[in-house]
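Read the structure below first, then the notes.
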Amino acid sequence: MKTFVEIVDVYARQILDSRGNPTVEVEVELEDGTVGRAAVPSGASTGIFEAVELRDNDKSRYMGKSVEKAVENVNEIIAEELVGLNVFDQVALDKIMIELDGTDNKGKLGANAMLGVSLACARAAAEYLGISLYQYIGGVNAKVLPVPMMNIMNGGSHADNNVDLQEFMIMPAGAKSFSHALRMCAEIYHTLKNILKDKGLSTGVGDEGGFAPNLESNEEAIQVIIEAVEKAGYKPGEEVFIALDPASSEFFNTETNKYELKGEGRELTPAEMVEYYAKLVEKYPIISIEDGMAEEDWDGWKLMTEKLGGKIQLVGDDLFVTNTKRLSMGIERKVANSILIKLNQIGTLTETLNTIEMAERAGYTAVVSHRSGETEDTTIADLVVAVNAGQIKTGAPARTERVAKYNQLLRIEEELNAMGEYRGLKAFYNIRK
């Protein structure tokens with residue numbers, strides 16, 4: 001087998017994401033004509049510590065959201081450095097781009113430019129070898145199929161309603177396999193739609209395919225989901241669990257140091273906010289809370305971890321932004337017990353893999369995630385299996401840009417056959433009871 005395969009072309013273009021906003025797509029061509037292609041996602045609620053997504057800010061084009069500059073950076077700066085190099089040397093390719101950029105936050109070339117190239121290189125290498133992307137990234141040990149963390153109800157900045165918490169999700173940890181888990185989720189999703197219809201509530205879907213009905217409170221959203229789980233014939237707390245993503249940085253007032261639950265007309269101190277979650281956890285089968293406290297409220301995070309870290313999964317998204325520096329601060333301070341992994345928060349495959357490795361060494365789980373602005377690219381489905389992460393967050397079983405990831409996981413499950421493993425509740429090795 002050849003160990004050096006030359007990159008002969010790196011080319012980027014502007015395409016549209018699932019919200020109709022421009023994003024970057026990159027193609028990497030190899031000496032034998034093999035092409036690897038990758039498209040980059042984009043978030044709505046973004047952490048302030050995320051790597052920079054370069055946009056043109058020219059109001060006369062796509063409301064200022066075009067990415068021509070990022071595309072130009074690939075075609076004129078990055079391509080020049082990578083053409084002639086070995087596609088199999090992922091670490092070196094990513095390192096060259098990081099050095100070319102030279103900033104802490106990918107502000108010069110843009111994380112969207114760099115990630116497109118990084119992923120297209122990996123895909124080209126896998127294509128050349130004639131193997132699946134998860135096998136190329138993860139090797140022979142890549143075999144764990146993830147428990148879906150499926151967003152079926154929205155509030156916060158993903159919706160226009162009275163619900164403050166951003167995402168209400170189901171996790172079919174009691175399923176026998178990934179395909180069984182997906183079926184359970186789809187059945188619950190359709191049942192939920194019918195329940196909302198019967199109540200005369202909206203069944204329009206948000207950016208990630210979840211419903212955004214105008215409910216009275218956060219608790220009502222949980223109750224309606226539990227009703228859907230039971231009506232679909234499943235047992236809450238045994239087969240299906242609830243996960244929340246409050247995205248609390250969005251409703252944290254840094255001046256008053258309070259969490260403003262506007263839908264409920266309440267302002268809570270960090271300690272009261274932790275108490276609020278503790279009561280929900282006691283009352284409902286909640287297994288995971290993501291970004292329960294704001295990205296800069298380290299004291300609040302500490303309180304929440306001390307109170308709930310032994311009972312449920314506490315995921316840092318805005319807190320950690322897929323960044324080893326931020327994650328090591330969290331590990332040191334004993335804050336959270338899980339990290340959300342979003343490729344575009346950091347900007348290269350190598351750095352993403354380093355973050356996942358650091359999390360797992362510290363006993364934290366890694367939940368591989370989509371963004372609210374997605375494309376038909378299915379890299380995250382391969383990534384979650386490649387690193388045996390055991391959990392994926394990629395939206396409702398609706399909207400093709402979400403379903404594409406689930407369908408890719410069905411193919412991977414089929415390919416792995418008896419080798420594949422669906423861990424269910426064992427995926428939560430971070431909950432130290």
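Our numbering is plain: 1 for the first residue shown, then up by one each step along the chain.
Cβ coordinates are placed from backbone N, Cα and C, and glycine is handled just like the others.
Owing to the predicted nature of the structure, the values given are computational and were not obtained by experimental measurement.
Summary of the site annotation: Swiss-Prot records (2R)-2-phosphoglycerate binding at Gln166, Lys342, Arg371, Ser372. Screening the candidates Lys143, Lys325, Lys393 against this entry identifies Lys393 as the one listed for that site. With Asp245, Asp317 listed by Swiss-Prot as binding Mg(2+), the candidate from Glu216, Glu272, Glu290 annotated for that site turns out to be Glu290.
Using a 10 angstroms CA-CA radius around Asp317 (Mg(2+) binding site), the recorded positions that qualify from Glu208, Lys342, Arg371, Ser372 are Lys342. When the C-alpha distances from Arg371 ((2R)-2-phosphoglycerate binding site) to the recorded positions Glu208, Asp245, Glu290 are tabulated, the minimum falls on Glu208.
If you take the Cα of Ser372 ((2R)-2-phosphoglycerate binding site) and the Cα of Glu290 (Mg(2+) binding site), they are about 15 angstrom apart, rounded to a whole number.
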